[in-house]
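According to Swiss-Prot, the protein has these features:
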| type | residues | note |
| --- | --- | --- |
| BINDING | HIS12, HIS14, HIS197, ASP278 | Zn(2+) binding site |
| BINDING | HIS14, ASP16, GLY170, ASP279 | substrate binding site |
| ACT_SITE | GLU200 | active site, proton donor |
| SITE | HIS221 | site 'Important for catalytic activity' |
Amino acid sequence: MIDTTLPLTDIHRHLDGNIRPQTILELGRQYNISLPAHSLETLIPHVQVIANEPDLVSFLTKLDWGVKVLASLDACRRVAFENIEDAARHGLHYVELRFSPGYMAMAHQLPVAGVVEAVIDGVREGCRTFGVQAKLIGIMSRTFGEAACQQELEAFLAHRDQITALDLAGDELGFPGSLFLSHFNRARDAGWHITVHAGEAAGPESIWQAIRELGAERIGHGVKAIEDRALMDFLAEQQIGIESCLTSNIQTSTVAELAAHPLKTFLEHGIRASINTDDPGVQGVDIIHEYTVAAPAAGLSREQIRQAQINGLEMAFLSAEEKRALREKVAAK
């Protein structure tokens with residue numbers, strides 16, 4: 001189902017949601033951190049989704065053990081490097097990794113700006129080693145409030161040339177986008193792209209707000225757009241992309257089953273929607289699974305899956321020249 005003549009991308013992928021269970025074990029031992037289990041087999045139920053979670057907030061708790069072992073900036077650098085290694089192993093040509101440095105820093109009071117620098121270093125080294133192209137998206141974790149998000153924003157701005165876009169993630173219902181208008185104004189002033197998690201836990205009004213008030217060029221998840229025909233028309237007309245994450249939306253109980261996922265409808269409506277993983281380490285999936293198992297189960301035809309793959313590159317925060325070069329590089333192989 002993957003067209004090997006086209007670039008394979010993953011543009012909605014959380015770096016801090018893709019910490020290997022084996023790495024969690026090893027860092028736990030290295031830093032003498034108490035874990036809920038002491039073998040890979042017994043640890044996995046604590047760090048990966050085994051059964052669907054009742055809601056988004058419950059799902060997010062599965063990420064916590066991964067960041068609890070980030071006891072140093074070297075640990076942050078390691079997981080960033082391993083994220084690129086994982087991307088290469090699964091055949092990705094281009095990946096946009098998003099991360100919340102405040103979340104990664106929290107368990108061991110690491111300097112937030114230091115986490116940003118460590119992630120940049122790890123990703124740069126990974127790209128050099130494995131030949132994958134990557135860009136970084138800074139996440140503000142709305143769940144921690146406006147002041148904490150301000151701290152994250154300042155850390156990103158200190159490395160503004162290495163950050164491509166700003167995102168807002170976390171408890172969408174409890175912390176609406178309206179709380180973060182000034183943050184996004186500064187992001188746009190810095191010349192960054194904007195993508196926002198919206199329409200996952202909250203309704204279509206959250207997507208409208210992300211676009212109109214925060215300046216979103218892309219929407220993360222966006223499943224609730226299906227409830228608003230005018231919104232779907234607007235997304236298609238304005239070419240505002242939806243970063244679809246099929247398995248994730250089932251595991252968070254955002255969508256009841258893959259057959260009910262709106263991605264097929266979005267594509268039929270002319271919306272620029274792509275296929276992505278979200279938190280592959282926590283979900284126990286990879287991009288190949290999303291294309292070859294999840295997408296067909298969501299009712300997508302072979303041509304629709306190919307269109308979603310094309311959309312992934314078209315939606316990417318790359319220049320026209322960078323996209324052309326990537327297409328040519330893959331075609332030459």
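Note that Cβ sites are derived from N, Cα and C of the backbone, with glycine treated the same way.
Sequence-distant neighbours of HIS14 (Zn(2+) binding site) (same chain, 6+ apart, CB under 8 A from its CB) are LEU63, LEU97, ARG98, PHE99, ILE139, ALA169, ASP278, ASP279. Listed in chain order, the residues near the substrate site other than HIS14, ASP16, GLY170, ASP279 are LEU15, GLY17, LEU60, LEU63, ARG98, PHE99, SER100, TYR103, ILE139, ALA169, ASP278, each with its Cβ within 8 Å of the site Cβ centroid. In this structure the C-alpha atoms belonging to GLY170 (substrate binding site) and HIS197 (Zn(2+) binding site) are separated by 8 Å. When secondary structure is read from DSSP and collapsed to three states, ASP279 (substrate binding site) falls in the coil class. For HIS221 (site 'Important for catalytic activity'), the same-chain residues 6+ apart in sequence whose C-beta sits under 8 angstroms from its C-beta are HIS12, HIS197, ALA198, GLY199, GLU200, ILE242, GLU243, SER244, CYS245, SER248, ASN249, THR254. Of all the Cβ atoms in the protein chains shown, 27 others lie within 10 Å of the Cβ of ASP16 (substrate binding site). The Cβ neighbour count for GLY170 (substrate binding site), using a 10 Å radius over every protein chain in view, is 21.
By the criterion of other Cβ atoms within 10 Å of the residue's own Cβ, the least surrounded of the recorded positions GLU200, ASP279 is GLU200. Listed in sequence order, the residues ARG13, GLY17, ARG98, ALA169, GLY220, HIS221, GLU243, CYS245, SER248, ASN276, ASP279 complete the 8 Å Cβ shell around the Zn(2+) site centroid, once HIS12, HIS14, HIS197, ASP278 themselves are left out.
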